[in-house]
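What TrEMBL records for 1-27 is signal peptide. Look at TrEMBL and you will find 35-238 tagged as domain 'Neurotransmitter-gated ion-channel ligand-binding'. The transmembrane segment feature in TrEMBL is assigned to 241-264, 271-292, 304-325, 465-483. Per TrEMBL, domain 'Neurotransmitter-gated ion-channel transmembrane' is recorded for 246-481.
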């Protein structure tokens with residue numbers, strides 16, 4: 001027990017001694033840091049470029065780290081991003097011998113105390129012209145200054161929405177000195193691309209790279225070269241949100257348009273359905289127009305909306321024309337012979353169109369038609385029997401007249417029976433005329449009704465024909481927009 005207590009006591013003493021020594025060292029370093037700071041900035045000026053020879057170029061190394069994409073405003077063509085900007089250069093007047101200051105090799109001081117390059121974002125699109133964040137800089141004994149500063153930038157970006165919502169964008173971030181030319185301050189990009197290791201994943205955009213390119217440009221105002229570093233941010237839009245909220249409802253609504261041809265003409269809802277679908281697509285078109293910039297490039301989804309709306313307009317116009325054919329009455333002209341052959345004979349079989357009021361599940365209609373035909377045949381047989389009977393009565397009348405003439409000659413009997421026979425024959429003649437008139441009226445009525453039924457069948461066949469045509473058009477338009485997206 002004594003040994004354990006002694007060992008624990010010795011460890012405690014050692015830890016206490018170590019802590020005291022560290023405090024002494026820190027206090028010593030703090031004293032040397034104050035001494036170093038006073039000596040360095042006694043005669044230092046941050047207004048001039050820190051080079052011993054004014055003809056010498058000062059190299060500034062630039063590195064950009066992309067942390068987050070805050071917003072992409074397609075309508076105003078502005079990209080908002082959160083960046084970490086690292087700049088490093090050598091100051092010829094801020095060097096010291098670290099052995100003279102107890103091995104102190106670096107200090108951290110406010111950036112406003114040292115000279116800083118005036119590197120700005122050339123394509124800035126922000127109304128706020130505030131200064132960069134005044135963070136500390138790291139100053140090393142060899143004169144190297146490293147300045148890390150966070151920044152929220154708003155840069156102009158040319159947005160191409162031709163393939164929205166399956167588009168990719170390339171936004172440039174161009175950094176360069178505002179007053180120093182290339183003979184005074186030269187910018188060097190430390191990496192071939194921006195740093196994306198700390199990027200926070202965005203819900204709308206995917207980052208496919210951020211290459212960096214150095215450019216040296218000679219402007220018309222000046223003969224000196226002006227270097228800059230351009231970081232190209234390659235973005236790919238995540239289209240799932242727009243597929244489920246803009247594209248898929250449009251496809252489903254567009255498939256309702258051909259179904260207007262399948263509605264019965266007597267329902268009175270064919271034109272109403274087309275107009276309703278057209279208004280629904282107009283609402284979606286306005287939603288897309290509010291997002292997109294007013295440019296000449298029409299987005300892919302906008303082209304799909306326009307094509308679908310044109311198709312629905314054409315289907316509504318065709319529906320009105322077909323309804324006029326359906327409501328052709330007995331006063332209309334007969335169906336032309338070519339229409340009988342092409343539409344009634346061939347197309348009706350191709351599209352499985354039966355007579356008006358029939359379908360493939362009601363074979364009883366054929367039996368009823370057969371019964372009607374049998375009834376018409378029975379009526380014609382009865383009519384022939386009546387006429388044959390009347391002709392027989394006429395024959396009997398002639399026979400009776402001959403017999404009565406012979407009797408009158410023989411027995412001189414006067415004609416009461418003859419007058420009765422003549423009156424009976426006149427009644428039969430009037431009956432025949434009435435029956436023939438009724439039969440002609442029925443035949444005319446059936447002919448007119450058959451003419452209207454033929455026009456209704458023509459309209460029904462044309463409805464089925466255009467229904468399948470527009471279904472195919474909607475399908476291929478949907479496949480086409482998906483293919484272009486891929």
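Yeah, the Cβs are placed from backbone N, Cα and C, and that goes for glycine too.
Remote same-chain residues near the transmembrane segment (304-325) are listed as 247, 250, 253-254, 257-258, 260-261, 265, 270-271, 274-275, 277-278, 281-282, 284-285, 288, 298, 455, 458-459, 462-463, 466, 470, 473-474, 477, 481 (criterion: CB distance under 8 Å, separation of at least six residues from the stretch ends). Sequence-distant contacts of the transmembrane segment (241-264) (same chain, at least 6 residues past either end, Cβ-Cβ under 8 Å): 164-165, 204, 270-271, 273-274, 277, 280-281, 284, 287-288, 301, 304-305, 308, 311-312, 315-316, 318-319, 322, 463-464, 466-468, 470-471, 474, 477-478, 481.
Within the model, the domain 'Neurotransmitter-gated ion-channel ligand-binding' (35-238) shows a mean pLDDT value of 89, rounded to a whole number.
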